[in-house]
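Only one structure is covered here, and it is reproduced in the block below.
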């Protein structure tokens, strides 16, 4: 069976890197490539709409004004899952541009399908490693905000190094934010919430908007996600953090 464009995307979510002597350089990933298959519908959505809703990884910064056709602030969301809440936010905020990153191709296909259904035009999606996109494809000072909702908690202590929220990640994000740009995170794992708070609070370029110096109630503009609903059913709390760049 001939592989389509959508089938190929899963194989190119990150670029290979090698040591000086030519050996493959292993990376500490914050994600796992799941083996879920694209449905025929999701595949068709990706193949038919990538030209208008998709972006490919590149080694030079994106020209957001050209991509979106305006100078509205760009909000980046990393790990949007199936994309429903991301599309809903884009639909509700036409004065903002949204850029979503997800390595799971069925999620990318589902997000595109829902965006087409809603008629959303201020959204683009990428199927690639977010750390490489931040490093290579986004210029400093060009993001209005970052959203990171319910990232993989890597709950075992030996796997905490795989959590995406680390000091070097936050430093990288801050470089990409414009003045007064925001970082909004949410998790239903208390231990991860504590780590997020510690890492974000330690960076002197950020200000916590919480009146108590820790977490905020879920704001109305963040849709209730299936992960949050799942957490409620399991008796988990949910913690939102909202910091602003000085």
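Yeah, the Cβs are placed from backbone N, Cα and C, and that goes for glycine too.
Copied over from Swiss-Prot:
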{"type": "ACT_SITE", "residues": "152", "note": "active site"}
{"type": "BINDING", "residues": "77, 102, 129, 152", "note": "S-adenosyl-L-methionine binding site"}
{"type": "BINDING", "residues": "156, 188, 225, 226, 227, 228", "note": "substrate binding site"}
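Mapped onto this structure are the features recorded in Swiss-Prot.
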{"residue": "77", "record": "S-adenosyl-L-methionine binding site", "Cβ contacts under 8 Å, 6 or more apart": "86, 98, 99, 100, 101, 146, 147, 148, 149"}
{"residue": "102", "record": "S-adenosyl-L-methionine binding site", "Cβ contacts under 8 Å, 6 or more apart": "79, 80, 81, 83, 108, 111, 125, 126, 127"}
{"residue": "156", "record": "substrate binding site", "Cβ contacts under 8 Å, 6 or more apart": "none"}
{"residue": "225", "record": "substrate binding site", "Cβ contacts under 8 Å, 6 or more apart": "81, 84, 85, 149, 150"}
{"residue": "226", "record": "substrate binding site", "Cβ contacts under 8 Å, 6 or more apart": "81, 82, 84"}
{"residue": "228", "record": "substrate binding site", "Cβ contacts under 8 Å, 6 or more apart": "150, 186, 188, 218, 238"}
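For the binding site of S-adenosyl-L-methionine, formed by 77, 102, 129, 152 according to the record, the largest Cα to Cα distance is 14 Å, rounded to a whole number. Between residue 152 (active site) and residue 129 (S-adenosyl-L-methionine binding site), the C-alpha separation comes to 14 Å.
Under the three-state DSSP scheme, residue 226 (substrate binding site) falls in the helix class. The Cβ neighbour count for residue 188 (substrate binding site), using a 10 Å radius over every protein chain in view, is 20. Other C-beta atoms found within 10 angstroms of the C-beta of the residue listed as 'active site' number 17, with every protein chain shown included. Around residue 129 (S-adenosyl-L-methionine binding site), taking its Cβ as the centre, 20 other Cβ atoms fall within 10 Å, counting all chains. Under the DSSP three-state reduction, residue 77 (S-adenosyl-L-methionine binding site) is assigned to strand.
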